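First up is the structure itself, then whatever we jot down about it.
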Amino acid sequence: MTDASHISPLEQARILSEALPHMQRYDEETIVIKYGGHAMGAEETAKAFARDIVLLEQTAINPVVVHGGGPQIATMLKRLGIKSEFAAGLRITDAATIEIVEMVLAGSINKQLVGYINEAGGKAVGLCGKDGNMVTACKATRTTVDPDSRIEEVIDLGFVGEPEKVDLTLLNQLIGHELIPVLAPLATSATGQTFNVNADTFAGAVAGALKAKRLLLLTDVPGVLDKSKQLIPELSVKDARRLIADGTISGGMIPKVETCIYALEQGVEGVVIIDGKTPHAVLLELFTNQGTGTLIHK
(Lines of atoms letter the chains of each structure in order from A and count residues from 1; the text may use other names and numbers.)
(Lines give C-alpha, C1' and ligand atoms only; values in the text may rest on other atoms or scores of the structure.)
Protein backbone atom coordinates (compact mmCIF):
# COMPACT_ATOMS: atom_id res chain seq x y z
CA MET A 1 0.00 0.00 0.00
CA THR A 2 1.33 3.43 -0.91
CA ASP A 3 2.27 5.71 1.98
CA ALA A 4 0.50 9.00 1.19
CA SER A 5 3.07 10.94 3.26
CA HIS A 6 5.65 10.29 0.52
CA ILE A 7 3.46 11.68 -2.28
CA SER A 8 4.24 15.28 -3.17
CA PRO A 9 1.44 17.87 -3.15
CA LEU A 10 1.80 18.15 -6.94
CA GLU A 11 1.37 14.39 -7.38
CA GLN A 12 -1.65 14.40 -5.07
CA ALA A 13 -3.19 17.17 -7.17
CA ARG A 14 -2.50 15.20 -10.37
CA ILE A 15 -4.21 12.11 -8.95
CA LEU A 16 -7.29 14.12 -7.97
CA SER A 17 -7.36 15.82 -11.36
CA GLU A 18 -7.26 12.45 -13.13
CA ALA A 19 -10.13 11.19 -11.00
CA LEU A 20 -12.47 14.12 -11.75
CA PRO A 21 -13.78 13.05 -15.19
CA HIS A 22 -14.39 9.55 -13.87
CA MET A 23 -16.36 10.93 -10.92
CA GLN A 24 -18.43 12.96 -13.37
CA ARG A 25 -19.00 9.88 -15.51
CA TYR A 26 -20.44 7.90 -12.59
CA ASP A 27 -22.34 10.79 -11.01
CA GLU A 28 -25.67 9.49 -9.64
CA GLU A 29 -25.03 6.10 -11.26
CA THR A 30 -25.48 2.76 -9.49
CA ILE A 31 -22.44 0.53 -9.07
CA VAL A 32 -22.94 -3.02 -7.77
CA ILE A 33 -19.86 -4.42 -6.03
CA LYS A 34 -19.56 -8.10 -5.21
CA TYR A 35 -17.12 -8.51 -2.33
CA GLY A 36 -16.00 -12.13 -2.24
CA GLY A 37 -15.24 -14.05 0.93
CA HIS A 38 -11.72 -14.76 -0.32
CA ALA A 39 -11.18 -11.04 -1.02
CA MET A 40 -12.10 -9.97 2.52
CA GLY A 41 -8.84 -11.08 4.09
CA ALA A 42 -7.79 -9.42 7.34
CA GLU A 43 -9.91 -6.95 9.29
CA GLU A 44 -7.93 -3.94 8.05
CA THR A 45 -8.50 -5.04 4.44
CA ALA A 46 -12.25 -5.11 5.04
CA LYS A 47 -12.13 -1.74 6.77
CA ALA A 48 -10.19 -0.22 3.86
CA PHE A 49 -12.84 -1.60 1.48
CA ALA A 50 -15.54 -0.02 3.65
CA ARG A 51 -13.81 3.38 3.52
CA ASP A 52 -13.66 3.15 -0.27
CA ILE A 53 -17.39 2.36 -0.42
CA VAL A 54 -18.14 5.43 1.70
CA LEU A 55 -15.98 7.53 -0.62
CA LEU A 56 -18.09 6.38 -3.58
CA GLU A 57 -21.26 7.46 -1.80
CA GLN A 58 -19.68 10.80 -0.91
CA THR A 59 -18.91 11.43 -4.61
CA ALA A 60 -22.59 11.00 -5.59
CA ILE A 61 -22.24 7.38 -6.71
CA ASN A 62 -24.82 4.86 -5.52
CA PRO A 63 -22.92 1.75 -4.34
CA VAL A 64 -24.73 -1.53 -3.70
CA VAL A 65 -22.59 -4.19 -1.98
CA VAL A 66 -23.18 -7.93 -2.33
CA HIS A 67 -20.89 -10.07 -0.20
CA GLY A 68 -19.89 -13.71 -0.26
CA GLY A 69 -18.57 -15.80 2.59
CA GLY A 70 -17.41 -19.19 1.37
CA PRO A 71 -14.28 -19.45 3.56
CA GLN A 72 -16.14 -18.22 6.63
CA ILE A 73 -18.95 -20.74 6.06
CA ALA A 74 -16.39 -23.53 5.64
CA THR A 75 -14.71 -22.55 8.91
CA MET A 76 -17.99 -22.60 10.83
CA LEU A 77 -19.11 -25.92 9.33
CA LYS A 78 -15.78 -27.48 10.28
CA ARG A 79 -16.04 -26.10 13.80
CA LEU A 80 -19.49 -27.68 14.16
CA GLY A 81 -18.39 -30.98 12.65
CA ILE A 82 -20.64 -30.69 9.59
CA LYS A 83 -19.16 -32.18 6.43
CA SER A 84 -19.27 -29.92 3.39
CA GLU A 85 -19.19 -31.12 -0.21
CA PHE A 86 -19.15 -29.35 -3.55
CA ALA A 87 -20.57 -30.27 -6.94
CA ALA A 88 -20.31 -28.23 -10.13
CA GLY A 89 -18.56 -25.52 -8.12
CA LEU A 90 -21.49 -25.10 -5.71
CA ARG A 91 -21.76 -26.06 -2.05
CA ILE A 92 -24.24 -28.90 -1.54
CA THR A 93 -26.55 -27.39 1.06
CA ASP A 94 -28.69 -29.71 3.17
CA ALA A 95 -31.12 -28.69 5.93
CA ALA A 96 -28.38 -28.43 8.58
CA THR A 97 -26.03 -26.53 6.29
CA ILE A 98 -28.56 -23.91 5.16
CA GLU A 99 -29.05 -22.87 8.79
CA ILE A 100 -25.31 -22.33 9.18
CA VAL A 101 -25.04 -20.56 5.82
CA GLU A 102 -27.81 -18.14 6.79
CA MET A 103 -26.28 -17.54 10.21
CA VAL A 104 -22.82 -16.78 8.81
CA LEU A 105 -23.92 -14.71 5.81
CA ALA A 106 -26.82 -12.70 7.23
CA GLY A 107 -25.96 -12.74 10.92
CA SER A 108 -22.18 -12.41 10.97
CA ILE A 109 -20.49 -11.21 7.76
CA ASN A 110 -23.31 -8.89 6.75
CA LYS A 111 -23.46 -7.10 10.08
CA GLN A 112 -19.68 -6.91 10.26
CA LEU A 113 -19.50 -5.14 6.89
CA VAL A 114 -22.36 -2.85 7.86
CA GLY A 115 -20.44 -1.95 11.01
CA TYR A 116 -17.25 -1.18 9.09
CA ILE A 117 -19.08 1.06 6.60
CA ASN A 118 -20.90 2.90 9.38
CA GLU A 119 -17.63 3.29 11.29
CA ALA A 120 -16.14 4.91 8.17
CA GLY A 121 -18.92 7.50 8.11
CA GLY A 122 -21.46 5.84 5.85
CA LYS A 123 -25.03 4.73 6.50
CA ALA A 124 -25.16 1.06 5.58
CA VAL A 125 -28.28 -1.09 5.72
CA GLY A 126 -27.76 -4.85 5.99
CA LEU A 127 -30.23 -7.02 4.11
CA CYS A 128 -30.52 -10.33 2.33
CA GLY A 129 -32.58 -11.37 -0.67
CA LYS A 130 -35.33 -12.65 1.63
CA ASP A 131 -36.08 -9.16 2.97
CA GLY A 132 -39.08 -7.69 1.22
CA ASN A 133 -39.04 -10.69 -1.14
CA MET A 134 -36.21 -8.87 -2.89
CA VAL A 135 -34.84 -11.97 -4.64
CA THR A 136 -37.06 -14.95 -5.41
CA ALA A 137 -35.22 -18.11 -6.40
CA CYS A 138 -35.87 -21.60 -7.67
CA LYS A 139 -33.92 -24.74 -6.87
CA ALA A 140 -30.67 -24.87 -8.84
CA THR A 141 -30.10 -27.93 -11.00
CA ARG A 142 -26.86 -29.30 -12.37
CA THR A 143 -26.10 -32.50 -14.24
CA THR A 144 -23.14 -34.82 -14.55
CA VAL A 145 -22.35 -37.66 -16.94
CA ASP A 146 -21.62 -41.09 -15.47
CA PRO A 147 -18.15 -42.06 -16.79
CA ASP A 148 -19.13 -45.71 -17.27
CA SER A 149 -22.68 -45.60 -18.61
CA ARG A 150 -22.38 -42.13 -20.19
CA ILE A 151 -25.86 -41.45 -18.84
CA GLU A 152 -26.58 -37.91 -17.71
CA GLU A 153 -27.55 -37.72 -14.04
CA VAL A 154 -29.07 -34.86 -12.05
CA ILE A 155 -27.03 -33.60 -9.08
CA ASP A 156 -29.09 -32.82 -5.99
CA LEU A 157 -27.56 -29.60 -4.62
CA GLY A 158 -30.07 -29.33 -1.79
CA PHE A 159 -31.08 -25.80 -0.85
CA VAL A 160 -29.01 -24.05 -3.53
CA GLY A 161 -31.02 -21.59 -5.58
CA GLU A 162 -30.86 -19.53 -8.74
CA PRO A 163 -32.53 -16.12 -8.94
CA GLU A 164 -35.84 -16.02 -10.81
CA LYS A 165 -37.02 -12.52 -10.00
CA VAL A 166 -35.62 -9.38 -8.38
CA ASP A 167 -38.13 -6.99 -6.78
CA LEU A 168 -36.55 -3.54 -6.55
CA THR A 169 -39.17 -2.01 -4.24
CA LEU A 170 -36.99 -2.15 -1.14
CA LEU A 171 -33.70 -1.26 -2.86
CA ASN A 172 -35.29 1.76 -4.52
CA GLN A 173 -36.18 3.09 -1.07
CA LEU A 174 -32.47 3.09 -0.17
CA ILE A 175 -30.55 3.91 -3.35
CA GLY A 176 -30.03 7.63 -3.85
CA HIS A 177 -30.98 8.46 -0.27
CA GLU A 178 -27.47 8.36 1.25
CA LEU A 179 -28.03 4.76 2.35
CA ILE A 180 -25.74 1.93 1.26
CA PRO A 181 -27.41 -1.48 0.80
CA VAL A 182 -25.23 -4.42 1.90
CA LEU A 183 -26.76 -7.66 0.65
CA ALA A 184 -26.20 -11.26 1.74
CA PRO A 185 -26.81 -13.76 -1.11
CA LEU A 186 -29.80 -15.56 0.36
CA ALA A 187 -33.13 -15.82 -1.42
CA THR A 188 -36.54 -17.29 -0.85
CA SER A 189 -38.75 -19.50 -3.00
CA ALA A 190 -42.40 -18.81 -3.79
CA THR A 191 -43.26 -21.17 -0.92
CA GLY A 192 -40.91 -19.51 1.58
CA GLN A 193 -37.95 -21.90 1.39
CA THR A 194 -34.57 -20.28 2.03
CA PHE A 195 -31.97 -20.80 -0.69
CA ASN A 196 -28.21 -20.31 -0.67
CA VAL A 197 -27.30 -18.44 -3.88
CA ASN A 198 -23.84 -18.13 -5.39
CA ALA A 199 -22.73 -14.56 -4.60
CA ASP A 200 -21.56 -13.83 -8.16
CA THR A 201 -24.90 -15.02 -9.55
CA PHE A 202 -26.80 -13.00 -6.94
CA ALA A 203 -24.81 -9.84 -7.72
CA GLY A 204 -25.35 -10.32 -11.45
CA ALA A 205 -29.11 -10.65 -10.99
CA VAL A 206 -29.30 -7.54 -8.78
CA ALA A 207 -27.07 -5.51 -11.13
CA GLY A 208 -29.14 -6.57 -14.12
CA ALA A 209 -32.41 -5.62 -12.46
CA LEU A 210 -30.97 -2.23 -11.45
CA LYS A 211 -29.47 -1.65 -14.92
CA ALA A 212 -26.30 -0.72 -13.06
CA LYS A 213 -23.58 1.32 -14.75
CA ARG A 214 -20.97 -1.16 -13.53
CA LEU A 215 -20.79 -4.52 -11.82
CA LEU A 216 -17.48 -5.13 -10.07
CA LEU A 217 -16.66 -8.70 -9.05
CA LEU A 218 -13.93 -8.60 -6.40
CA THR A 219 -12.20 -11.95 -6.14
CA ASP A 220 -8.78 -13.36 -5.24
CA VAL A 221 -7.23 -13.32 -8.73
CA PRO A 222 -6.11 -10.36 -10.89
CA GLY A 223 -8.84 -10.97 -13.49
CA VAL A 224 -9.17 -13.19 -16.55
CA LEU A 225 -5.81 -14.66 -17.56
CA ASP A 226 -4.64 -15.92 -20.94
CA LYS A 227 -2.92 -19.28 -21.43
CA SER A 228 0.40 -17.66 -20.47
CA LYS A 229 -1.18 -16.54 -17.17
CA GLN A 230 -1.05 -12.90 -18.23
CA LEU A 231 -3.92 -10.55 -17.43
CA ILE A 232 -6.38 -9.84 -20.24
CA PRO A 233 -7.40 -6.20 -19.62
CA GLU A 234 -10.50 -6.17 -21.82
CA LEU A 235 -12.86 -8.68 -23.44
CA SER A 236 -15.99 -8.53 -25.54
CA VAL A 237 -18.77 -11.04 -24.86
CA LYS A 238 -17.87 -12.75 -28.14
CA ASP A 239 -14.21 -13.08 -27.09
CA ALA A 240 -15.18 -14.31 -23.63
CA ARG A 241 -17.34 -17.08 -25.09
CA ARG A 242 -14.51 -18.08 -27.42
CA LEU A 243 -12.05 -18.31 -24.52
CA ILE A 244 -14.48 -20.51 -22.58
CA ALA A 245 -14.87 -22.77 -25.61
CA ASP A 246 -11.12 -23.19 -26.17
CA GLY A 247 -10.39 -23.78 -22.48
CA THR A 248 -8.48 -20.56 -21.78
CA ILE A 249 -11.19 -19.62 -19.29
CA SER A 250 -11.71 -22.65 -17.08
CA GLY A 251 -12.64 -23.85 -13.61
CA GLY A 252 -14.13 -21.34 -11.21
CA MET A 253 -13.62 -18.47 -13.66
CA ILE A 254 -16.28 -19.89 -16.01
CA PRO A 255 -19.30 -19.12 -13.77
CA LYS A 256 -17.87 -15.66 -13.02
CA VAL A 257 -17.60 -14.84 -16.72
CA GLU A 258 -21.04 -16.33 -17.38
CA THR A 259 -22.41 -14.02 -14.68
CA CYS A 260 -20.72 -11.09 -16.45
CA ILE A 261 -22.34 -12.05 -19.75
CA TYR A 262 -25.77 -12.43 -18.12
CA ALA A 263 -25.50 -9.01 -16.45
CA LEU A 264 -24.51 -7.36 -19.73
CA GLU A 265 -27.47 -8.98 -21.48
CA GLN A 266 -29.74 -7.54 -18.77
CA GLY A 267 -28.53 -3.99 -19.39
CA VAL A 268 -25.42 -3.51 -17.24
CA GLU A 269 -22.99 -1.33 -19.20
CA GLY A 270 -19.76 -3.05 -18.14
CA VAL A 271 -18.56 -5.74 -15.76
CA VAL A 272 -15.07 -5.92 -14.27
CA ILE A 273 -13.38 -8.86 -12.55
CA ILE A 274 -10.70 -7.52 -10.21
CA ASP A 275 -8.43 -8.65 -7.39
CA GLY A 276 -10.11 -7.58 -4.17
CA LYS A 277 -6.87 -8.01 -2.24
CA THR A 278 -5.31 -5.10 -4.15
CA PRO A 279 -5.47 -1.99 -1.93
CA HIS A 280 -8.23 0.37 -3.11
CA ALA A 281 -9.09 -1.91 -6.05
CA VAL A 282 -12.54 -0.34 -6.44
CA LEU A 283 -11.12 3.19 -6.62
CA LEU A 284 -8.38 2.12 -9.04
CA GLU A 285 -10.98 0.67 -11.38
CA LEU A 286 -13.47 3.51 -11.27
CA PHE A 287 -11.29 6.59 -10.86
CA THR A 288 -8.08 5.99 -12.85
CA ASN A 289 -7.40 5.98 -16.58
CA GLN A 290 -5.81 2.54 -16.64
CA GLY A 291 -8.31 0.82 -14.35
CA THR A 292 -7.56 -2.66 -13.04
CA GLY A 293 -8.62 -6.24 -13.69
CA THR A 294 -10.55 -7.43 -16.75
CA LEU A 295 -13.37 -5.36 -18.24
CA ILE A 296 -16.02 -7.39 -20.08
CA HIS A 297 -18.42 -5.52 -22.35
CA LYS A 298 -20.74 -6.11 -25.27
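Backbone N, Cα and C atoms are what each Cβ position is placed from, and that goes for glycine too.
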Problem - Candidate sharing the substrate site with Gly69, Gly70, Asn196 (per Swiss-Prot), from Arg25, Arg51, Arg91 - result: Arg91
Practice task
Across all the protein chains here, work out how many other Cβ atoms are within 10 Å of the Cβ of Gly70 (substrate binding site).
Solution key: 18
Problem - Residues that sit under 8 angstroms from Gly69 (substrate binding site) by C-beta distance, when 6+ apart in the chain - result: Gly37, Val104, Leu105, Ser108, Ile109, Ala184, Ala199
Fill in the blank from the handout: Within 10 angstroms of the C-beta of Lys256 (site 'Transition state stabilizer'), the count of other C-beta atoms across all shown chains comes to 26
Problem - Pairwise C-alpha maximum, in angstrom, for the residues (Gly69, Gly70, Arg91, Asn196) that bind substrate according to the record - result: 12
Fill in the blank from the handout: Same-chain residues at least 6 apart in sequence with Cβ under 8 Å of the Cβ of Asn196 (substrate binding site), in sequence order, are Arg91, Thr93, Thr97, Ile98, Val101, Glu102, Phe159, Val160, Gly161, Pro185, Leu186
Practice task
Would you list, in sequence order, the residues of this chain other than Gly69, Gly70, Arg91, Asn196 that have their CB within 8 A of the centroid of the site's CB atoms, where the site is the one recorded for substrate?
Solution key: Gly37, Gly68, Ile73, Ala74, Thr93, Val101, Val104, Leu105, Pro185, Asn198, Ala199
